[in-house]
Amino acid sequence: MDDVSGSPVYALLAVSVLLGVIMCKTVYVITGLISTAYFKGYISLKKSTKIEWKNRGFSTFHAILVAAVSFYLIVLSDLFKEGSLTGSFVHRKSLLSDSLLGVSIGYFLTDLGMILWCFPALGGMEYVLHHGCSLYAITLSLITGEAQFYILMVLFSEITTPFVNLRWYLDVYGKKSSMLYFCNGVALFLGWLESSTSVPDPARRAQVEAERRPVEDVARPRAARILLFIFFFSHMHLHFDQVKTIFPIGLYSVLSVPSLIAVMNVYWFWKITKGLVKTVSRKRHPQ
């Protein structure tokens, strides 16, 4: 794959970021149109739920896109394979990898904007921190062309997002007893430490609204990617002789930002596990 080190990086950044924002807006609108036409219960949903419904539409689209392209670049192409190209893999990039990072920046900017606009309905400060760290790391990697292999590895973890979103859709649509809900749960389990919180029942939802409590814990479930980060840091340790050739700020960033995101994922997984234990306990000991 051709290197693009001599291309106008900032022009590519601007164009790809704009395309990412346009992608989100387009899918957001299309999700609303399709839902209105084919899902009877969509019309009766509250405005805030409709916003999150459409937000998860472009979240799913972005996840499928970045996971597929990241898999191609890391596994199928020769871009990062040892001996295939000159130079260390931590310094390699391509037109496709640059474009993908730019589109992801557009996505994170759009999603962060919606989180702040609807705060805290779509997520609390932990999601602002997560998106801020992601934007910093992806932008730095795109501008410098360094450590794109590791950025793409983290982006590949988005492959589980469609299953998490589908679980939320089925919860909202009242299909928790369906076979699709069960199969999706199995897929989440096979995704290794991938899970999500449930949407509260109507009584709980009414209680939350009456008490005006933040609902980020039930409004934007997150998946924990524990094994991915174990592999991430193991690979970095085994190839640290090449990793340390990254310029200083980039090296400190590739060591610190993924570590912070990994800690947040562990925290989210701990909260998910607590919620799961409570749910199982209620079923075993109904009041």
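Indices start at 1 and increase along the chain as displayed.
Including glycine, each Cβ sits where the backbone N, Cα and C put it.
Keep in mind that what you see is a predicted model, and the values were worked out from it rather than measured.
The transmembrane segment annotation in TrEMBL covers 12-39, 60-80, 100-123, 135-157, 177-195, 222-240, 246-270. Under the heading domain 'TLC', TrEMBL lists 48-281.
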- Taking contact to mean three or more C-beta pairs under 8 angstroms, with sequence separation of 6 or more, is the transmembrane segment (100-123) in contact with the transmembrane segment (12-39)? yes
- Note on the structure: On the domain 'TLC' (48-281), the mean of the pLDDT values is 81
